[in-house]
Amino acid sequence: MTDSTYDVARVRTYLQDLQTRIADALGALDGTPLATDAWQRGPAERLRGGGCTRILEGGRVFERAGIGFSDVAGDALPPSASAARPQLAGRGFEALGVSLVLHPRNPYCPTVHMNVRMLIATKPGEEPVFWFGGGMDLTPVYGFEDDARHFHQTCKDALDPFGVELYPRFKKWCDEYFFLKHRNEMRGIGGIFFDDFSEPGFERSFDMMQSVGDAFLQAYLPIVERRAELPYGERERDFQAYRRGRYVEFNLVFDRGTLFGLQSGGRTESILMSMPPVANWRYNWQPEPGSPEARLYSDFIVPRDWI
């Protein structure tokens, strides 16, 4: 850590505003406002604090859209948060962040995930340790190269002011993180992912996190606007449900945010709002060679330089 001076109030204000801005934009696009569910945990519970969930289900564009803000504290960092820093195991902590997953109705519209967060680990008699994490990644059912290039270029543009080395570093991290080991396949086309980030100090790290959060709508909404009205049929919806099964597998088996929430006694409804509304599994299914479904596997959910 380069310093231990930080301003949680500023981070909290930014995150709450980010949630509102994104929820308003999605509601305007869909034509249905996102519902608001504010929640609070009691002081005697294992995880203290509260948050707000903005949720849309059964919309015109989004079959499910969830954006969660939370600011919680606990007495001991769970294993998922301290795996990379064993010296912090057992410390008290505060975690605040915004996390979203959007599942569009149209199979030609990709699912997207974005998260920005800050964690502070504390121990009596020692300086607090803080770090930022987050990123965004795109999970298409049917791939479009111009969508992938646009998404990755927007991510790069958000990071370049803080160092041209960050995009390739965070892109590689994303490719490796969102990988289903038991399937030997990527979850989607990636994006950027970072964690344990505080190298430049609080101000610069916070600015970088804000740049990522602020870039989300520009990265994603133009893609939805291009694809949301494309015609589709039962075949495309079936493949969408099949690919959503992979999303479920990753979130429940590998995702550090999901594991952190469940291990720390988090709010289950908020943690699992990332699940798709419909998913299915087929035994040993393979796409027809040369089909659009096969092209997802050969051309998109493989490590690739998009820009």
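Yeah, the Cβs are placed from backbone N, Cα and C, and that goes for glycine too.
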### Message
Quick check on the annotations: Swiss-Prot lists region 'Important for dimerization' for one of 139-174, 247-282. Which range is it?
### Response
247-282
### Message
Going by DSSP, is H152 (divalent metal cation binding site) sitting in a helix, a strand, or coil?
### Response
helix
### Length of the line joining the Cα atoms of H113 (divalent metal cation binding site) and S99 (substrate binding site), in Å
8
